[in-house]
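A single structure is presented below for examination.
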Amino acid sequence: MVSAHKIIFLIAVSAAAAAAEDRTEAEAQGNKSEALKLKLVAIASILTAGGLGVSFPLLGRKLAVLRPENDIFLMVKAFAGGVVLATGFVHILPDAFRSLTSPKFPFSGFIAMAAAIATLMVDTVATAFYGNAHSSKDEEAASDADPASGANGITPSDILRQRIISQVLEVGMVVHSVVIGISLGAARSSATIKPLLIALCFHQFFEGMGLGGCISQARFKWVKTTVMTVFFSVTAPVGIGIGIGISSVGVTVEGVFESASAGILIYMALVDLLAADFMSPRMHSNVKLQLGAHISLLLGAGSMSFLAMWT
């Protein structure tokens, strides 16, 4: 027969285990509640950061100091290009490699390469199609631009090119913003969410500045400018909402999206955000501008890479 003290001991152990389980469950609920609060803060913060970033260059239409033709704006755009480039190489591509691990074939690198090539093809075809379809509207495009554009040597074909760049760039950024928004929304630990929130606010602000600069140089009418600005601003918060609504995202699917986003962002940063300015005669004829732009590029890439230590 089981002695009385053994029965008492078993009852005490069971009670302690039940209490510990209750405490663990309570802590889990508390962490879940804190994480949800941080996610709601993230939605508001990232929406604000993205909106301010993409809107700031557009103020150049009203404030001369912020016009895309000014040297300050070019250096800010170079900084933003560095941020976008580091985001693709340092933040997104490594995550993609972890999500799509295979001992036989590097799917992440392949998908990123394919996405970059596909972006180049879309960019080329869209530019040719858009240019041919609207070649008769060159004068109209020029008339849409500010009077200062002609004085600064900006041609109708330059405006058409910037319109293609801004629209293709927004597609790449939108896909990426949704993916990283889902990643934050699906995170369960507040310790993971806090640094990610800071990094994404920083990222969305300066990535928005890069996009806003292209939109500003494209000289769209205010309706389309507003639509593109709002669309970029809300995509990351929408992604966070999707992440909150689902318990987890399929690792393979997320890896595919991350790989494609990395390829698109790397292409956009190098070709559309940086090469057009860094290879221009304006840059080559001004040593101080070259130095400032290169320093801005390194600062943008370096600061975004530094944030990878906490994400």
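Quick reminder: no glycine exception, Cβ is built from N, Cα and C everywhere.
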Can you dig out which of the ranges 200-226, 227-253 TrEMBL describes as transmembrane segment?
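Transmembrane segment, as annotated by TrEMBL, spans 227-253.
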Under 8 Å, at least three CB pairs between the transmembrane segment (227-253) and the transmembrane segment (291-310) (pairs 6 or more apart)?
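No, the transmembrane segment (227-253) and the transmembrane segment (291-310) are not in contact.
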Count, for each of 36-60, 72-93, 259-279, 291-310, the Cβ pairs lying under 8 Å from the transmembrane segment (105-130), and report the range with the highest count.
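Looking only at 36-60, 72-93, 259-279, 291-310, the most contacts with the transmembrane segment (105-130) come from 259-279.
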What residues elsewhere in the chain lie close to the transmembrane segment (36-60), defined as a C-beta under 8 angstroms and at least 6 residues from its ends?
66-68, 70, 73, 76-77, 177, 181, 184-185, 187, 190, 193-194, 197, 200-202, 204-209, 211-213, 215-216, 225, 229, 232-234, 236-237, 240-241, 243-244
